[in-house]
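In what follows, a single structure is set out as C-alpha cells and then discussed.
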Amino acid sequence: MDSSGKYNAAKLALELVKDGMVLGIGSGSTVEVFLNLLGDKIREEGLEIYGIPSSYQSYFAAIRNGVEIVDLVEFEPDLCIDGADQVDAKLNCIKGGGGAMTREKIVAKASRKVVIIVDESKLVEKLSMPVPVEVLPFAYGWVLREIEKMGCKARLREGKGKIGPVITDNGNFVVDCDFGVIEEDRVEGLEGEIKLISGVVENGIFSKELIDAVIAGSSRSARFL
C-alpha cells in the first residue's frame, strides 16, 4: 500500500508544532508516521515537546521519538493530532479501527485545537463504515440488543493474534455497529443516542463540532480541508 499520502499529511501537520507545546496524541498508522517525523524534528532542532498519548501504541511511539509524556491532571493540550478511518464532506469522522476511540475522544475534547490527518482515500461524501462502540463486558449482551433496536447490525470484534474478543486499553469489548450510510444531519444525534445506552463507554463518531481542521494527504501533496 502506498503510504505517501499519510507521510504528506503528517509532514504538513508537523508545521503546526512549536517548541514547548503540549500535544494530544491520537492513535493509528498515520499518527505513528507523524511521531516519527516529530522525532526527527526534536533531534535536529532540540525542541522540548510534551505529549498526552491516547493508547499504548502512541505512548511507546512518543517515547521512542523523544516526546516527554505528561497527563491531563496537570496539562491541557495545545494541539491534538489524530487520524481517522472515515471523514465525510462536513468533516464528521468515524474512528476506532484500533479500538482507542474512548481515550482519543477524551484527549481531543481536552485540547485547545484538534487536527485530523488522513490519507485522502479516507475521504467520503457520507459516513458509512461500522461505528465502533466500546462496551463494558458485563453489559455486552444488553448493549447488543439495545443498539440493534436502533437499526444496525452489531457484532463483537474478534481479536487477531489472540483467541476471543478484542480488549481495549481500558479492559472493555468493542462492538462494531453497521448503520449503513449515515446522513450528515443524523451524525451528532446518533453519537449521543449510542452513549445513552447503559454500559456503553464511548463510540467512534467524532462530530464536526469537535474538529478544527482536517489535513488530507495525496501521493504528491497535502491540503487543509
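The backbone N, Cα and C atoms fix where each Cβ goes, and this holds for glycine too.
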Substrate binding, same site as S27, G28, S29, T30, D82, G83, A84, D85, K95, G96, G97, G98 - Swiss-Prot member from K11, K122, K126, K149: K122
Local backbone state of G97 (substrate binding site), from DSSP in three classes: coil
Sorted by sequence, non-S27, G28, S29, T30, D82, G83, A84, D85, K95, G96, G97, G98, K122 residues with Cβ within 8 Å of centre, substrate: G26, V31, V118
Cα distance (Å, whole number) from E104 (active site, proton acceptor) to S27 (substrate binding site): 7
